């Protein structure tokens with residue numbers, strides 16, 4: 001669109017924005033073609049349940065976001081449309097999945113290893129009796 005002649009149907013000031021919008025739509029179209037090239041069942045069979053939930057949530061969020069953009073292009077305020085509540089609901093579930101993922105990644109305490117580490121890391125001074133016995137043993141040799 002950069003080499004094309006500017007259409008007089010809209011103000012020149014928004015030409016860059018329209019070009020960027022058109023490029024973004026093209027990128028979304030390519031991404032969706034890639035996602036749609038594999039059947040949903042085929043894709044989900046390869047994933048564990050948490051990954052399946054992520055795919056479902058991203059798909060739902062993408063679809064609703066695209067509807068948001070559609071409403072905006074039609075002159076409808078999407079902030080006053082039920083799609084806003086749907087996007088918020090999906091965002092809440094995405095946060096729940098993120099919390100679960102973070103808990104799985106969090107370090108777990110190995111009590112045995114921690115106990116050995118602390119026991120060996122703490123320095124204990126030898127008692128006076130033990131050092132006298134050690135000195136007597138050295139002098140007799």
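Note: Cβ is positioned from N, Cα and C throughout, glycine not excepted.
Residue 119 (SUMO2 cross-link) falls within a helical segment according to DSSP. Here Swiss-Prot flags 119 (among others) as SUMO2 cross-link, drawing on a large-scale study or a structure entry.
Annotation comment: Swiss-Prot describes 126 (among others) as SUMO2 cross-link.
Residues or ranges marked as SUMO2 cross-link in Swiss-Prot: 132 (among others).
Sequence annotations record features per position, and here Swiss-Prot assigns region 'Required for transcriptional repression' to 1-100 based on similarity to another entry. On the 0 to 100 pLDDT scale, the region 'Required for transcriptional repression' (1-100) averages 89 in the predicted structure.
Annotated region 'Interaction with NR1D1' per Swiss-Prot: 50-100, in sequence order.
Taken from Swiss-Prot, the feature region 'Interaction with NCOR1 and NCOR2' covers 100-141.
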Within the region 'Required for transcriptional repression' (1-100), residues counted as helix, strand or coil by DSSP: 77 helix, 0 strand, 23 coil
Packing count at residue 119 (SUMO2 cross-link) (other Cβ atoms within 10 Å of its Cβ): 9
